[in-house]
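Here the structure is laid out as structure tokens; the discussion comes afterwards.
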Amino acid sequence: MFGSKRLKNVKEAFKSLKGQNSETPIENSKASFKSKNSKTSTISKDAKSSSSLKIPISSNNKNKIFSLAETNKYGMSSKPIAAAFDFTQNLLAIATVTGEVHIYGQQQVEVVIKLEDRSAIKEMRFVKGIYLVVINAKDTVYVLSLYSQKVLTTVFVPGKITSIDTDASLDWMLIGLQNGSMIVYDIDRDQLSSFKLDNLQKSSFFPAARLSPIVSIQWNPRDIGTVLISYEYVTLTYSLVENEIKQSFIYELPPFAPGGDFSEKTNEKRTPKVIQSLYHPNSLHIITIHEDNSLVFWDANSGHMIMARTVFETEINVPQPDYIRDSSTNAAKISKVYWMCENNPEYTSLLISHKSISRGDNQSLTMIDLGYTPRYSITSYEGMKNYYANPKQMKIFPLPTNVPIVNILPIPRQSPYFAGCHNPGLILLILGNGEIETMLYPSGIFTDKASLFPQNLSWLRPLATTSMAASVPNKLWLGALSAAQNKDYLLKGGVRTKRQKLPAEYGTAFITGHSNGSVRIYDASHGDIQDNASFEVNLSRTLNKAKELAVDKISFAAETLELAVSIETGDVVLFKYEVNQFYSVENRPESGDLEMNFRRFSLNNTNGVLVDVRDRAPTGVRQGFMPSTAVHANKGKTSAINNSNIGFVGIAYAAGSLMLIDRRGPAIIYMENIREISGAQSACVTCIEFVIMEYGDDGYSSILMVCGTDMGEVITYKILPASGGKFDVQLMDITNVTSKGPIHKIDAFSKETKSSCLATIPKMQNLSKGLCIPGIVLITGFDDIRLITLGKSKSTHKGFKYPLAATGLSYISTVEKNNDRKNLTVIITLEINGHLRVFTIPDFKEQMSEHIPFPIAAKYITESSVLRNGDIAIRVSEFQASLFSTVKEQDTLAPVSDTLYINGIRIPYRPQVNSLQWARGTVYCTPAQLNELLGGVNRPASKYKESIIAEGSFSERSSDDNNANHPEHQYTKPTRKGRNSSYGVLRNVSRAVETRWDAVEDRFNDYATAMGETMNEAVEQTGKDVMKGALGF
């Protein structure tokens, strides 16, 4: 009568999982990842259980049972500010404002390196596949080893660093200084080169001008013997081999030339300052970017200016006396430009980042698709001018937020060269508030798909607005996780080190809600799960809206795998774990789904409170948390929600309304404003809990909905069975429990066994047997805890010095000296100052008192959760949470570290000059010659073993790039291979994501691309052979 069919349905949902992924071992979900000096926490089951997988602990001295230890971290300790990607090892490094470097690899691979100086990091570069060079805000250079995962050396540069460049295959870092000098640092030998350039702008071009810093440096993408250097007023190419300036580029605007800014002062000569310069991937052209938004294209060999333009205007360097520009309209200033290329480096585009015009305005990115570059040898300057003046297409990508961009990182798919812009499929954007956005390129679609990156980055993509943790029965949890395996993760590098695990009866689910309406559910002890197993639901799709989606409350029914989520507008969506009836292999709506598409309108167009949204399930997910019902009550913001384990959902609103929903209908079985209840002094309900226990002296147990209010009152309702399988709700009592502010948490336990009295389906089924469970309700107020008996006046009180952030009951299984098993029920409290204590109940005897060993933001600590196994998940800050254990283990587990560097992966062959440049006299400089040139004949041997380890990882020719063991790291010379020749593994990833987000991108003429590559290479090789024969090379 009480829904035994429901339990059967839950079991049926997992039958399909038994034969699925049977070859993939799914391990227990309890974490063993630990910080130094920490001990792994223990898992126990409800005290009612007669058996336990718990490691025995003597309970003769309870003080020896409890000990605080951090067992895992999630997210980052502070705001991310810089990023770098290593194509060779396929690793992503993200640095924070407090000097931490997080290096991520495949699935859950992560290594954190903390620098001694806690200053913000401003730049990072991977070098030779084994080094990571880090520069902080104090211009200190750190060299980190991916092999040993340590800081190898610290370098103090003689001056302020204004620009750097490195190359994935070279030992050297070019450093531009504030005084205009360029020095060279030998990363492998840890020494500065004797080679140094003074301020060339002052010595060779503008001796009267003030001292200019170097604003931009770049290695020639085809010739390591040449570098591109920009000062404020001159850009030049410099030959390291010949030790001389090869060509100079000075952008001057004659009178009446409009230029790139919107100034009216066009009647005089101007020289806009340079902010950046870049080589075309073929090294034959360069672009200089100026502070007035001018984009100036030059012939790198002759120094001829080909075209000066802005994003929207051309020939801005030509005098136009009658030109009128609206000076009241301000153009967004260019902050940085990236010269992208596809698989064939002759097909290029510009990605331009703009600053916001005024504070609070949205930033945007602009893509100028230039298409295939005309052949240099047969195209006139006029032809090249037309090429740059008439791009194939232009796209503007507005950011979904008005937060400024602080760092942009293209993720290349083809090679680490061309400044990391070789066929990128994804662009990583770090915003000023620490949020990370990911944009597919060249489509410009923004995606927050959680499985692309490790789970610890989920806190930042986008920012988490709320979080919670819950204990889930392990068999149920592992079965669900097996359906959540995601194979579309972007990073492939590193090796996850196997963690030792302890037997566990319960797993821990961590749930985060985000500003874009997404909710992620993942295993909090992912040290035992090798995959990116996570669930993701998106309220934007379900509610068909794009704004006001920030998630503010989440309730998770762990034993029935149901979810209730509310957003800032007060809309609530109910989800349940099940097979998706709308799943499509093609990931596209079927032709007969026209009616479903018509129903995808906003909830504002609906009159009912409960809206069926099952047809809004994502078509690309076979099994997971599917939307079932949206609650559109128009009652304002929610103040509390609770999705019980017996099918009832309680929703309270800040305006005072209280609603009870039976999910089985669904149906609203109760709705009333508590402000209208006689005797109630409160304005709204602040927490809801469902318990099964005796009320007063009834002599039998009932389903009770217990509500705490903002004025410290407890309102109790009985949920009674009615005819036709329905339920009635009866108000029983209103009790004033505390006078200090709102009630934050309600829990309940049995007087006799101390086991939990929270409502579950097995307890619900036993109601028909007349079982009577005398229980005690635990009420957490502002700074006190009270134990009350519903329907009676008896209570016990415990006060605290500081406000309470989180409380909860835990059930610890212990073993006596005579090997008798005993269950210990305790209450764990966390005060807002980070003080954590453990008490026995109901006598409140203190068993442990410890402080969390690091600062915790008071704004976020209230999102902490006490788990039933003695763990507590604490949200430390906006970007991080930690899992602590309060139970001391007999066996301590040694901390382990993941492997980052994989030996044997070859660094791709660096592109070289083409036949025309060769014939014109360009001297190709080999890496060995460059080492001798910059390091001298007596260059010392490397002081690091990393140098020896990485020595054989360089490809001497393009055919060496192939590595059968690591196909995702290949870099292959373009050949005729058919339609998919330009596809890498990351391209497939990005295209899969585009499909999943219902955004089908054009194929960009793959066949034409492949044919173009083949023909270009054939002509290039033929010309090279002819020249070599004719000139005697």
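Note: Cβ is positioned from N, Cα and C throughout, glycine not excepted.
Per Swiss-Prot, the features are as follows:
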- 18-27: compositional bias 'Polar residues' (COMPBIAS)
- 28-45: compositional bias 'Low complexity' (COMPBIAS)
- SER591: phosphoserine (MOD_RES)
- SER602: phosphoserine (MOD_RES)
- 16-45: region 'Disordered' (REGION)
- 953-984: region 'Disordered' (REGION)
- 81-114: repeat 'WD 1' (REPEAT)
- 121-156: repeat 'WD 2' (REPEAT)
- 161-197: repeat 'WD 3' (REPEAT)
- 216-249: repeat 'WD 4' (REPEAT)
- 274-309: repeat 'WD 5' (REPEAT)
- 333-397: repeat 'WD 6' (REPEAT)
- 405-440: repeat 'WD 7' (REPEAT)
- 464-538: repeat 'WD 8' (REPEAT)
- 552-631: repeat 'WD 9' (REPEAT)
- 638-673: repeat 'WD 10' (REPEAT)
- 745-799: repeat 'WD 12' (REPEAT)
- 804-851: repeat 'WD 13' (REPEAT)
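Looking at 81-114, 405-440, 464-538, the range that has the most CB pairs within less than 8 A of the repeat 'WD 6' (333-397) turns out to be 405-440.
Long-range contacts of the repeat 'WD 5' (274-309) within the same chain, counting only residues at least 6 positions beyond its ends with a Cβ under 8 Å from a Cβ of the stretch, are 215-216, 218, 220-223, 228-235, 237, 247-249, 251, 259-261, 263, 315-317, 331, 333-334, 336-339, 341, 345-346, 348, 350, 373, 376, 381, 384-385, 388-389, 418-419, 421-422, 911, 913-914, 917, 920. The helix, strand and coil residue counts that DSSP assigns across the repeat 'WD 3' (161-197) are 0 helix, 24 strand, 13 coil. Take the repeat 'WD 1' (81-114) and the stretches 216-249, 405-440, 464-538, 745-799, 804-851: counting Cβ pairs under 8 Å, 464-538 has the most. Proximity of distant same-chain residues to the repeat 'WD 4' (216-249), defined by a Cβ-Cβ separation under 8 Å and at least 6 residues beyond the stretch ends, is recorded for 163-165, 167, 170, 174-176, 180, 182, 195, 197, 199-201, 204-206, 209, 271, 273-279, 281-283, 286, 288, 296, 298, 300-303, 305, 417-419, 910-914, 917, 922-925, 927, 929-930, 933-934. Summarising model confidence by region, the repeat 'WD 5' (274-309) averages a pLDDT of 96.
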